[in-house]
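The structure under discussion appears below in the form of structure tokens.
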Amino acid sequence: MEIESGSYQNAKKESWRTVLTLAYQSLGVVYGDLSISPLYVYKSTFAEDIHHSESNEEIFGVLSFIFWTITLVPLLKYVFIVLRADDNGEGGTFALYSLLCRHARVNSLPSCQLADEQLIEYKTDSIGSSSMPQSGFAASLKSTLEKHGVLQKILLVLALIGTCMVIGDGVLTPAISVFSAVSGVELSMSKEHHKYIELPAACVILIGLFALQHYGTHRVGFLFAPVILLWLMCISAIGVYNIFHWNPHVYQALSPYYMYKFLKKTQSRGWMSLGGILLCITGSEAMFADLGHFSQLSIKIAFTSLVYPSLILAYMGQAAYLSQHHIIESEYNIGFYVSVPERLRWPVLVIAILAAVVGSQAIITGTFSIIKQCSALGCFPKVKIVHTSSKIHGQIYIPEINWILMVLCLAVTIGFRDTKRLGNASGLAVITVMLVTTCLMSLVIVLCWHKSVIFAIVFVVFFGTIESLYFSASLIKFLEGAWVPIALAFCFLLAMCTWHYGTLKRYEYDVQNKVSVNWLLSLSQTLGIARVRGLGLIHTELVSGVPAIFSHFVTNLPAFHQVLVFLCVKSVPVPHVRPQERFLVGRIGPKEFRIYRCIVRFGYRDVHKDDFEFEGDLVCSIAEFIRTEAETAATAAETNGEDDDRMSVVGTCSTYMQGIEDHYESDIDDPDKPGTSEIRSPKPKKKSKSKVKKRVRFVVPETPKIEKETRQELMELTEAREGGVAYIMGNAYMKAKPGSGLLKRLAINIGYEFLRRNTRGPRNMLTSPHASTLEVGMIYNV
């Protein structure tokens, strides 16, 4: 359950070799979706709304729209503005929301503490500082957000809408990419044979793509960048050939005047066709969402030096070819492959299919990542997360989501069988995410960057107007495919809101029904409580007080372990928590009670490894707390009040371990080994873990620096660990109180309970052994 030891922080100063290497690697991860858009943009634009004429006003107008859309949205908005709004190197919708949570104290997580604000990444980010002076409007806006819970919920729902549309894009992008790539076979065979080849081939490729997700991409990931690089070189070379061979004057269409002529001639039909032009910027959001895997400079270099010019040349080449071929539409749909020289069509078809698979892989991986972030922030049910690589940070696989995406992707592919309707659906999902980013960015500009409100207004009006124009053109196609992302987003949003609402109600019930520390301290006198050998971990969502499940447990079984730990594993609104800040440890009651509280903090992008090192880290953190408590004479007060212990920040085993030392069992069995050898470094420990899993023993070092009383407490801690660790968890069944409204009964009794029963519980998330786990059932009337 420890964060993976990958390097997730972007270096402040990188060598040019590192930057160029990252720029090259980003081609396969970030730009796969954006690079394959030439496959279907013209085909979707000229589907029905407008027609290609001999005056070339339509094709030149479309090219002008494509050029300025790519220039203004991916280049100006994302490369030069949005990429700067990173959350300690991380990007995406939740990165913006996390920034707002910290700078405006707008937090959807119920178990937040003041101690969380002392985290290094909480206090520092690369875009601004909370110590900078705020304008009067910014201070007023911040105060309004902090005071009004309704506005906070609206902000959360806005972020969730963007997230749901990203998930919808994870369904639609593989479908339209693979289907458009395979459609190239129509130029090489008769229509009778083509209709029996195109759809089955696309479905087989999609099934294979999703079936291979379980194995991870690290084995073939090194091929992604070369495939996209080859594809970009291919389409740019074909574009240059078509420009010089068919129409060298096509560059004139880059003038905005052709957009005016296009709309003047086509009027409402031209406006409706913008839904197809919109597809030229699909995948732009990936530049920001995948920022955590690369760096700002590397992503900017890759886009400005290679991706942007290649795409412009490709679109200009297609327009140049179509400007000299006005009867193609009567024979074939206007698509990418008609502009490819006939001798190159089969090789280009193969490269296009490979590029489509790479682009689809990127959006699928991104969907897994954003669902994990939602789950960490309490906005998505707990799901099984499989780490497919021990070396590459963030390579995860979620089985349930993978198969849901595959079924939905096959359904829309088989149901539509048409690039136009697939494009309408994909376009609406893409532009909705961009609108959400624009809205959140306007708040970030004021609250986090501390810029003038005029700058925020200019940003949201300029880019919001462009995106609203495309959004309206996509929304008008509701019955022609655009209903799909809306339906998908509604279903996922309903599940997310239901889970978040149920989680909040459960936490509120725990807070209202927690028992006082006085009750816990008086147990041995009133009920004759027995203390048994071993270490007991009471899993709770509370950061203070004693949970109701423990009182319920002790009332029915009056005994608990000689060392008792109230364990809270929670997420905080930062991307990563450093190992030295992972644990908050405190004491409950007098020393002789041996009762502790441990709060384990993870960021929303931290990777939890499913292994048994968590127990060792927990024992180490408690031992370090005991040692430092004695050394600093800051002994925890023998609290008899409601609010118990003072918490101390303690790191993992790799950062501190002077209180106790760990030994492998093979070392202890050797009589020649001294009893107080130095602690192993993290790397050797990791190498030996596979051979001696769960065979680590802790020993108190023989040193005069440790006082007798402290040594005794440390020895009892190690003896309790050797006696066995028991996990005591609550299994709550939630029911709405009698007299609750219909919506609340539907949300709690049906929606939340259905999600809870069909997703992973706390025992699965902690990877606790079945034989050592005790679940305490309770009914929560909320």
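Using N, Cα and C of the backbone, Cβ positions are placed for all residues, glycine too.
If you look up Swiss-Prot, you'll see 664-675 marked as compositional bias 'Basic and acidic residues'.
Look at Swiss-Prot and you will find 682-693 tagged as compositional bias 'Basic residues'.
Annotation source Swiss-Prot lists region 'Disordered' at 664-693.
Residues or ranges marked as topological domain 'Cytoplasmic' by Swiss-Prot on the basis of sequence analysis: 1-18 (among others). Across all of the topological domain 'Cytoplasmic' (1-18), the predicted model scores a mean pLDDT of 51.
Counting residues 6+ beyond its ends, the topological domain 'Extracellular' (40-61) has Cβ neighbours under 8 Å at 176, 180, 250, 252-253, 258-259, 261-263, 265-266, 269-270, 272-273, 275-277, 279-280, 315, 318-319, 322-323, 326, 328-329, 333-336, 419-420, 422-424, 427 in the same chain. If you look up Swiss-Prot, you'll see 40-61 (among others) marked as topological domain 'Extracellular'.
Sequence annotations record features per position, and here Swiss-Prot assigns topological domain 'Cytoplasmic' to 83-153 (among others).
Residues or ranges marked as topological domain 'Extracellular' in Swiss-Prot (evidence: sequence analysis): 175-195 (among others).
Residues or ranges marked as topological domain 'Extracellular' in Swiss-Prot: 241-270 (among others). Proximity of distant same-chain residues to the topological domain 'Extracellular' (241-270), defined by a Cβ-Cβ separation under 8 Å and at least 6 residues beyond the stretch ends, is recorded for 49-50, 57-65, 67-68, 313, 316-321, 323-324, 339, 341.
Note on the topological domain 'Cytoplasmic' (292-296): DSSP counts are 3 helix, 0 strand, 2 coil. Residues or ranges marked as topological domain 'Cytoplasmic' by Swiss-Prot: 292-296 (among others).
Annotation comment: Swiss-Prot describes 318-347 (among others) as topological domain 'Extracellular'.
Under the heading topological domain 'Cytoplasmic', Swiss-Prot lists 369-395 (among others), citing sequence analysis as support.
Sorting each residue of the topological domain 'Extracellular' (417-421) by its DSSP state yields 3 helix, 0 strand, 2 coil. Under the heading topological domain 'Extracellular', Swiss-Prot lists 417-421 (among others), citing sequence analysis as support.
The annotation topological domain 'Extracellular' is assigned in Swiss-Prot to 464-474 (among others).
According to Swiss-Prot, the feature topological domain 'Cytoplasmic' maps to 496-782 (among others).
Swiss-Prot lists 19-39 (among others) with the feature transmembrane segment.
The transmembrane segment annotation in Swiss-Prot covers 62-82 (among others).
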Spatial neighbours of the transmembrane segment (396-416) far in sequence, C-beta under 8 Å, 6+ residues away:
170-172, 174-175, 178-179, 199, 202-203, 206-207, 210-211, 213-214, 216, 364, 367-369, 371-372, 383-388, 422, 425, 481, 484, 488, 607
Contact between the transmembrane segment (297-317) and the transmembrane segment (154-174) (3 or more Cβ pairs under 8 Å, separation 6+):
no
Quick check for me: are there 3+ Cβ pairs below 8 Å between the transmembrane segment (220-240) and the transmembrane segment (422-442), leaving out pairs under 6 residues apart?
no
So if I exclude everything within five residues of the ends of the transmembrane segment (154-174), which remaining residues of that chain have a CB under 8 angstroms from its CBs? That is, six or more out.
33, 93-94, 96-97, 100, 106, 108, 145, 206, 209, 282-283, 285, 289, 359-360, 363-364, 366-367, 370-371, 374, 379, 405, 408-409, 412, 422, 425-426, 429-430, 432-433, 436-437, 439-440, 443, 484-485, 488-490, 492-493, 496-497, 500
In the topological domain 'Extracellular' (464-474), how many residues does DSSP put in helix, strand and coil?
11 helix, 0 strand, 0 coil
Counting by DSSP secondary structure, give me helix, strand and coil numbers for the topological domain 'Extracellular' (40-61).
10 helix, 0 strand, 12 coil
Based on Cβ pairs under 8 Å, which of the stretches 19-39, 271-291, 348-368 lies most in contact with the transmembrane segment (196-216)?
348-368
